[in-house]
Amino acid sequence: MAPQEQAVSQVMEKQSNNNNSDVIFRSKLPDIYIPNHLSLHDYIFQNISEFATKPCLINGPTGHVYTYSDVHVISRQIAANFHKLGVNQNDVVMLLLPNCPEFVLSFLAASFRGATATAANPFFTPAEIAKQAKASNTKLIITEARYVDKIKPLQNDDGVVIVCIDDNESVPIPEGCLRFTELTQSTTEASEVIDSVEISPDDVVALPYSSGTTGLPKGVMLTHKGLVTSVAQQVDGENPNLYFHSDDVILCVLPMFHIYALNSIMLCGLRVGAAILIMPKFEINLLLELIQRCKVTVAPMVPPIVLAIAKSSETEKYDLSSIRVVKSGAAPLGKELEDAVNAKFPNAKLGQGYGMTEAGPVLAMSLGFAKEPFPVKSGACGTVVRNAEMKIVDPDTGDSLSRNQPGEICIRGHQIMKGYLNNPAATAETIDKDGWLHTGDIGLIDDDDELFIVDRLKELIKYKGFQVAPAELEALLIGHPDITDVAVVAMKEEAAGEVPVAFVVKSKDSELSEDDVKQFVSKQVVFYKRINKVFFTESIPKAPSGKILRKDLRAKLANGL
């Protein structure tokens with residue numbers, strides 16, 4: 001009997017340790033065996049003998065192809081050279097890179113070494129990069145020569161080793177930096193060094209930064225066990241939830257420094273032996289050309305890219321018929337956009353997933369992507385992944401809710417984070433004593449087990465899928481001598497989804513202008529954190545506790561102020 005025929009609605013009333021009765025939601029797909037005792041790299045390359053000579057990484061702009069054997073060998077060589085450079089087990093390597101094959105090779109090398117990879121947006125300001133590097137105790141940074149000026153103080157003051165991936169001899173490598181090609185050189189003790197590394201499933205392999213439900217960016221500790229579990233939940237089993245296979249060509253235009261691309265494109269693609277087509281940034285004509293030339297079959301996207309494609313007349317010039325899956329994440333996709341995408345990609349299944357960095361990151365995924373698919377509804381962001389539990393709770397009482405009742409989404413399973421780095425208080429606020437991770441998102445599960453996102457409790461602003469923490473911008477703004485109080489909230493915007501706007505209380509007799517405020521922030525942050533609008537106000541609404549009442553400010557925006 002096929003897995004789909006065996007599958008039944010696996011919602012059940014379950015006795016919890018401390019709750020009289022929790023309504024637990026599970027996947028329609030049966031649980032599977034997950035070998036999460038393996039290190040991440042051993043799991044990823046477990047079946048390499050089946051596709052050693054197949055394309056693994058395709059550099060979109062250059063066309064250069066790395067086979068699976070190439071990637072395996074080079075990653076191990078880099079790991080051995082990490083060891084030579086003094087990177088020890090559990091040390092942190094920062095990847096300050098756009099999408100490129102070197103990102104993948106370096107991430108895997110960190111895993112082989114028993115080190116931890118943290119990734120940062122190369123467009124971050126020097127202060128933003130330094131904050132993450134110091135908080136994570138980064139020992140080595142892999143980047144491009146053009147970004148070295150931003151991180152020179154880390155080299156000079158903290159002894160951080162800098163490696164540049166530029167392989168063109170015409171590009172001079174800044175003084176004191178190493179070339180990436182030096183790390184890829186074979187070393188006689190490579191196998192001995194790497195094979196002697198003993199990795200615990202609970203060791204941290206990835207350290208993405210996330211603001212969580214509130215506050216400033218924090219290091220999210222994702223373990224070997226957690227990432228193996230998350231990837232397996234998606235692509236393993238006789239009827240995988242996300243059906244990737246070794247003949248697929250998977251587009252990777254979403255930033256690899258974001259957990260969505262790192263996990264659901266890079267790691268999932270590697271696990272099944274697919275070819276991963278890497279684009280350093282979104283350029284619609286190049287993207288369409290590469291889809292046609294490389295016969296891309298899977299196109300993971302975020303709503304702003306979906307919107308750009310939906311509105312573009314350029315699509316008519318290209319053959320996009322090879323695409324069988326369009327997967328959207330990072331923010332809900334509306335019905336109009338769904339219809340537009342279906343028109344542009346006539347042979348593609350369109351569906352959504354729902355994730356959060358702290359959850360590993362995937363909580364739910366469309367069962368329309370399964371090898372033996374289930375019917376799905378427009379607007380749903382999937383069904384809870386297998387080998388995990390989900391519940392919906394009343395945000396005020398914490399009581400478990402049943403179907404069709406909106407509440408806070410909670411997830412439990414081996415895939416969730418170990419915790420926030422050096423922040424037990426924030427960890428305890430996010431993961432309760434029974435192991436449930438509280439997302440800060442409001443959703444409901446309907447009669448067909450499909451999850452719908454209704455609202456957001458958390459303060460986070462999502463600009464084209466990027467996280468913007470209001471608290472981070474407020475901390476900057478309150479440092480301005482002419483600002484006495486401030487609150488930052490999200491405002492809806494078609495192209496970006498959401499943009500940050502500031503409500504500002506000026507000091508008495510100040511002549512502070514909107515442009516003054518915008519420029520003050522823009523000099524200190526990456527482009528997507530810039531303030532879009534400034535509203536001057538007499539006071540900021542606050543609860544008796546002093547907490548900003550953001551919902552009141554969002555209501556003002558919704559009512560046109």
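Along the chain as shown, the residues are counted starting at 1.
Note: Cβ is positioned from N, Cα and C throughout, glycine not excepted.
According to Swiss-Prot, the ATP binding site annotation covers SER210, SER211, GLY212, THR213, THR214, LYS218, GLN352, GLY353, THR357, ASP441, ARG456, LYS547. According to Swiss-Prot, the feature (E)-4-coumaroyl-AMP binding site maps to TYR260, SER264, ALA330, GLN352, GLY353, THR357, MET365, LYS458, LYS462, an assignment based on similarity to another entry. Feature annotation from Swiss-Prot assigns CoA binding site to LYS281, LYS464, GLY465. Sequence annotations record features per position, and here Swiss-Prot assigns region 'SBD1' to 283-352. The feature region 'SBD2' is assigned by Swiss-Prot to 353-420, with experimental evidence given as support.
Location within the structure of each feature annotated in Swiss-Prot.
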residue: SER210; record: ATP binding site; Cβ contacts under 8 Å, 6 or more apart: PRO217, LYS218, VAL220, ILE259, MET356, THR357, GLU358, GLN467
residue: LYS281; record: CoA binding site; Cβ contacts under 8 Å, 6 or more apart: PRO98, ASN99, VAL253
residue: GLY353; record: (E)-4-coumaroyl-AMP binding site; Cβ contacts under 8 Å, 6 or more apart: SER264, LYS327, SER328, GLY329, VAL362, ALA364, MET365, SER366, CYS381, GLY382
residue: LYS464; record: CoA binding site; Cβ contacts under 8 Å, 6 or more apart: VAL302, PRO303, PRO304, ALA495, ALA496, GLY497, TYR528
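Among the listed binding-site residues, namely GLY212, GLY465, the Cβ with the most fellow Cβ atoms inside 10 Å is that of GLY212. The average per-residue pLDDT of the prediction over the region 'SBD2' (353-420) is 95, rounded to a whole number. Apart from LYS281, LYS464, GLY465, the CoA site neighbourhood in this chain, defined by C-beta within 8 angstroms of the site C-beta centre, holds LEU254, PRO255, PHE282, VAL302, PRO304, ILE305, PHE466, TYR528. There are 22 other CB atoms within 10 A of the CB of TYR260 ((E)-4-coumaroyl-AMP binding site), with all protein chains counted. Taking DSSP states H, G and I as helix and E and B as strand, the region 'SBD1' (283-352) has 34 helix, 12 strand, 24 coil. Helix, strand and coil content of the region 'SBD2' (353-420), in residues and according to DSSP, is 6 helix, 24 strand, 38 coil.
For MET365 ((E)-4-coumaroyl-AMP binding site), the number of other Cβ atoms no farther than 10 Å from its own Cβ, over all displayed protein chains, is 28. Nearest by CA distance to GLY465 (CoA binding site), out of the binding-site residues GLY212, TYR260, GLN352, is TYR260. Of all the binding-site residues listed (GLN352, THR357), GLN352 sits in the most crowded Cβ setting, with the most other Cβ atoms within 10 Å. For the pair LYS462 ((E)-4-coumaroyl-AMP binding site) and GLY212 (ATP binding site), the Cα-Cα distance reads 12 Å. Here the C-alpha separation of TYR260 ((E)-4-coumaroyl-AMP binding site) and GLY212 (ATP binding site) works out to 15 Å.
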